[in-house]
Amino acid sequence: TGLSKGLSIFSINVNGLNCPLKRHRLADWIQKLKPDICCIQESHLTLKDKYRLKVKGWSSIFQANGKQKKAGIAILFADAIGFKPTKIRKDKDGHFIFVKGNTQYDEISIINIYAPNHNAPQFIRETLTDMSNLISSTSIVVGDFNTPLAVLDRSSKKKLSKEILDLNSTIQHLDLTDIYRTFHPNKTEYTFFSSAHGTYSKIDHILGHKSNLSKFKKIEIIPCIFSDHHGIKVELNNNRNLHTHTKTWKLNNLMLKDTWVIDEIKKEITKFLEQNNNQDTNYQNLWDTAKAVLRGKFIALQAFLKKTEREEVNNLMGHLKQLEKEEHSNPKPSRRKEITKIRAELNEIENKRIIQQINKSKSWFFEKINKIDKPLANLTRKKRVKSLISSIRNGNDEITTDPSEIQKILNEYYKKLYSHKYENLKEIDQYLEACHLPRLSQKEVEMLNRPISSSEIASTIQNLPKKKSPGPDGFTSEFYQTFKEELVPILLNLFQNIEKEGILPNTFYEANITLIPKPGKDPTRKENYRPISLMNIDAKILNKILTNRIQQHIKKIIHHDQVGFIPGSQGWFNIRKSINVIQHINKLKNKDHMILSIDAEKAFDNIQHPFMIRTLKKIGIEGTFLKLIEAIYSKPTANIILNGVKLKSFPLRSGTRQGCPLSPLLFNIVMEVLAIAIREEKAIKGIHIGSEEIKLSLFADDMIVYLENTRDSTTKLLEVIKEYSNVSGYKINTHKSVAFIYTNNNQAEKTVKDSIPFTVVPKKMKYLGVYLTKDVKDLYKENYETLRKEIAEDVNKWKNIPCSWLGRINIVKMSILPKAIYNFNAIPIKAPLSYFKDLEKIILHFIWNQKKPQIAKTLLSNKNKAGGITLPDLRLYYKSIVIKTAWYWHKNREVDVWNRIENQEMDPATYHYLIFDKPIKNIQWGKDSLFNKWCWVNWLAICRRLKLDPHLSPLTKIDSHWIKDLNLRHETIKILEESAGKTLEGISLGEYFMRRTPQAIEAVSKIHYWDLIKLKSFCTAKNIVSKASRQPSEWEKIFAGYTSDKGLITRIHRELKHINKKRTRDPISGWARDLKRNFSKEDRHTIYKHMKKSSSSLIIREMQIKTTLRYHLTPVRVAHITKSPNQRCWRGCGGKGTLLHCWWECPLIRSFWKDVWRILRDLKIDLPFDPIIPLLGLYPEDQKSQYNKDICTRMFIAAQFIIAKSWKKPKCPSTHEWTSKLWYMYTMEYYAALKKDGDFTSFMFTWMELEHILLSKVSQ
C-alpha cells in the first residue's frame, strides 16, 4: 500500500512452504496484496532452508526456523518502507520472532507467534510475559494463536476456558487489545475451519497497544485458497503529512507481443489522426495529445485483459464468500461440500496459473543460464545499493529523518544547482571574441542543416537500446520499434514543424531525476548523490539524429587531446601519453614540473546555456541545427523522484541535459574553449618533448594538465580557469584536484606545495580506472599486481555461486577478461611469465571450484573443439595488446601523440618506416623504453615464427624507403599511387610489372624513362620478387590492410592463437580407439558441430560437451589415478569400467538404450544400434532428415543425463526418469518458442510426433 496511505500489516498461517508451487503462490499473493509487513506462520522450513523464502520487493526477511520441518515463522518487510532492524529475538524451535526497528517514518516492533496445538493459551501467555520488557506502545503482536480470545471467535459459541481467560488477563495487563474485536465487537467472522469438529473459529489474531489505538485504521479477514487458514490484514494511519506516492505509468512491453493489442493500437493511431490532424491543430500539441490518448488506450486494454484473465476466479471467489457467510450462520453438510468443491476448483486454477508462470521463468533460465547473459551478470555483480533516502543533513549539519524535510532539502538543493543562470551575455561575447576556435565550412554547416528525413528517424528507432527505463511519459523504446511504420510519418511531420518553428512539444522538455548514492561516500550529505535523468524516448530520437550529424564533423572542432566520446579515440591514448610524460620528467636533471589532475565540480550540471549556444555560433553552427539546439535548451524541466514521491518540478537553467545523446558532444565543444585558452596561453608552460609541447589530456571533464615552471604556470592556469568559469559556469574543486610535483630538492618541493591550492600526492593518482605513478617503475606494482589481487578477490567472492564449470568460464570472459584487457591496453609494459601463470592458476581454481581439472586447458582454449566455449588465455591477449602498437606506427596518424613522445632519442618519423619497410640501422630505442621497444621485440618474434620478412611484403607502401631510396622523382611516386594503389601489390612485381591493369599500363607512359628503368630493376629483382610477389598473409593484412583500429586486438589475438596451438590429447581420437574406428576430417567436423548446435540451452548442451570431451571419471581412470588394481564397473556387472563400457556396453545400460531405440521405432525412425549416434551425434549418411536428427538428439541427450545421474549406482537407468527429462526439455522449449516470432512452427515440427508418446508415458 505504501506509507502514504498508512502502514499495512498482513498475517497468514501458510500450512507449509516446502513445496515450490506453494512458495510461488504465496509470493504471488503478497505481490497482489502489497502489504508493507507480511507475517507468516507455520512455514515448516528448517534452519538450512531459510534461502527458500524469497519475494521480489520484500527483501528484508527475518525468520525463526527449527531443526525439523515443523513450526517456522517469518516477517517480511517491503523495500518501499526502508526498514532497518535495531533488535531481533528468535525462538530456536521456530514458534516466535521479535523484530524491532525503524521504517523511514516511524519506529515499530513486531512479535510474530505460532502457538503449538497443545496448551496454546499457556504458550502465548508465557511468551508475552517473557517479552514484556520488549513490549511498548509501538508493538504489534500477530500470529496463529491456535486459540480463540472471545466467545464470538467460535461458531459453537462455547464458553472460554480458564487458560484462555488467564491469557486475556495477561494481554490486558500488558495494555494490549485484540484489534479485530475493537473494530468489530459483535461480528462473527472466522479464519479457520476444523473439518474434524465441523466448526469455524478465529484463531489468528492481531494485538495492538491501547495507547496507540488511534493509529489503527482498518482490519479485515482476507480469504485464502492455498492454505487452510484465512489471512488477517490491518492498516495503520500515518500521522505524518506526506506527499502521496506517485503512480507513474510505464508501458508493459509484454503487451506488445499480443497481436490483438498491436492491431487495436494501430487502429487507435489511425482513428486519432483522422479525427484530429487538421490545419487548426498545432502539430506539437497533436503529438502530446496522441501520446495521452494512446496511454489511455493501453491502460484500458491492460485492464480488459486482466479482467478477462481473472473473471472466472473472481466469480468463484464471490460465490465462495457468499456460501461461507451462509455457512457461518446456518451450517449444512451439502453447503460445506460445495464450499470444498469451489475451493478445490480455485486451487486448481491458481496452481495452473502459477505453474505456467514458473515454467515461463524456468524457460528463460533454460535459455540463458551459464551463458554470458543476465543471470550470470546478476550472480557476479555487486548487490545494487538501495536508493531509498531515509536521512539527510540539514543546513545546520544535523541529521533529519523527517520525510517532508528531506524532500524540501533535496528539491531546493537541485533546484539551486540547475537554476544558476548567468545573464552576463556581453562578457560571454567578449570572452569568445578573443578565442581562436575552429570553424566549420559552409558545406559542413549545410549538411547539418539539411531537413530531417524519414530514413534517419527509422534508423534511429531501429537502433534504440531495448529494455531501458522510459521517460516521464512511460513509452518505451520497444513501443516505437513495434509501431515504427505508423510513427515514422508522424514524427517526420513533427520534426519538420519543430525545424520551422523552433518549438518542441511540452513533453520533450520533461525529465525525471533519480538520486543514486555515490559509492563510498556519506549518504547523509546531499552532494553525495548522483542525479540520473530519464528523458522521453521521442525527445531522444530527435537528439540522436542531431548527434549523428555533428559527430561526422566533431574531429574538426575538437583537438586530439580530448578523447572522451570522440569516434576513433580511446581513453588509453591519454593514459599512455601521461606515462610517457612522467618518464620524460624523471629523466631530466633539472626538475620544476607538475602533473595536475583537475577535479571539476558537477561539470556537466554547471555549464551555462547562453555560453554553450554562443560557442556553437562561434564555431560556425547556424540555421536550423542551431535553432533545434536552442529549442532543446529553451525551457527544460525536471522532477526528482524521491522514495517513490514525485517532487515539484523545477526549471533546468544550466547544465547539459542528462540522458541526452547530444550532451557529451556539446560538453566537449564547451570544454574545448578552455582547452584552447590553456594551449594558447604562453605563460602556461607545457612539457617539451622533442618538437612537441604537451599541456593537456582530456576525457570529457577528466582533465590532466602537464606544467613546467610550476609556480608561474599554476598561477596563470588558475587565472585562465577563473576567466573561463566566470562566463561558462565551470568550477573546479581545488582540494579534490591532485598533483605530482617534480623538483630538485625537498626545499623546492615545499615551496611549490605552499604556493598551490591542490592536494599533492606522493606516489600515485587514479586516472580513467588505472593508477598513474610518480615514478614509472611503480606501474607494474600499482596496476598489474593490483589487478591480480582484484581478480583473486573476485573469484573468492564468486566461489559459491550456483553455476557449472561452463558458466564459470563465461564469468571469466564476461567479468575478468574485460578488466584485464583494459589494464593491459592502458599500460602494456613488460610483465613476467610467472604473472600470467599465477593468473591462470587463480582462474583454473575458480573454474573447477578448487578441484582437479577434468578437461585440459589447452582443449578448452580451442573454440571448435570445446563446443563453442573458449577459455581465454590472458597472456595471449596481453601479447596482442603489446603488438597492436605496430598498427599505429604503420598508419602514422597525427593524433597519436602518445606514441611519438615516448623516446626522445628516436626521430618520431622513424616509426612510420618500421613496418614492412627497409631495415633501419642502429635504431635508438633507449634503455628505458616502456612500450615501443617491447612492441618491436614481440612484433619481430611473431614475424619470424610465421616465416615472414618484417621489412618487405606485398603490402609495403609505395612511399617506403625501398622506393624512395631509388631516388625517383616525386611525380613518379604520385603517378604510381594514383594508378596502382598505395602498395607494391598494385605494381605487380616480376614479369607482370605494371601490366596487370589498364591503369598501370597507362601509367607507364607517364613515368620518366630513367625512373621506369630504376623501378623495373627493383621490381624484377629475384630477392624482391621472392618476398613480395605473393598473396599477403592475414598477419600482414591486419597491420597494413585495415584502416580502422576497431577489432584490432581480436584480429591479432586470432592469429596468435593459431600460431600458439598446443598439442593435447584429442578426445575424438580417444573415442576412435574405444570404438575401434577411424574418423575422417568430415566426421570430426560433424562431431564438433554437434557439440555446438545440439541445443540452444547451455545446460543441455553441456551434457553433450561433457560426453564428447570424455569428462566423466571411470573405474579405469580412477584406478590409474589412485594406482589401484580394481577397474571393475561400478554398476556391479563385473566388466572392465572403460568409458565406452560405462556409456554403452554395460548390460544395465544396454538394456536402457534398447528401450530408447524402441521409442525410435514407434516414431518410425530407423537407426542402427550404434554408440557413435547417441554419444557423438554422428548420424548415418542416409539419415538426411533434419527433423529426425533434431528429435533424436534431444532423446539421446536426455538419455545421457539419466545415465550420468546413475553413473555409480548398481541399477538400470529408469525409462520413466528419461521421459520426465524429455518432458522437461519439451516444456522449456515450448515456452521459449512462444516468446520468439517464427520459432513455434519449428518447435512443433520437431516435437509433434514425440509429444503424443511423451503424454502417454507421463500420464502413466
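Quick reminder: no glycine exception, Cβ is built from N, Cα and C everywhere.
Because the structure is a prediction, the values reported are computed rather than measured.
Feature list (source: Swiss-Prot):
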DOMAIN    497-772  domain 'Reverse transcriptase'
BINDING   Asp599, Asp701, Asp702  Mg(2+) binding site
DOMAIN    1242-1260  domain 'DUF1725'
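Cβ atoms within 8 Å of the centroid of the Cβ atoms of Asp599, Asp701, Asp702 (the Mg(2+) site) belong to the same-chain residues Ser597, Ile598, Ala600, Ala603, Ala700, Met703, site residues excluded. In three-state terms derived from DSSP, Asp701 (Mg(2+) binding site) belongs to neither a helical nor a strand segment and is classed as coil. Classification of Asp599 (Mg(2+) binding site) by DSSP places it in coil, neither helical nor stranded. Taking the Cβ of Asp599 (Mg(2+) binding site) as reference, residues of its chain lying under 8 Å away and at least six apart in sequence are, in sequence order, Ile732, Asn733, Lys736, Ser737, Val738. Neighbours of Asp702 (Mg(2+) binding site), defined as other CB atoms within 10 A of its CB across all chains, total 18.
Summed and averaged per residue, pLDDT over the domain 'DUF1725' (1242-1260) gives 75.
The Cβ of Asp701 (Mg(2+) binding site) lies under 8 Å from the Cβ of Ala600, Ala603, Phe604, Phe667, Met671, each of which sits 6+ residues away along the same chain.
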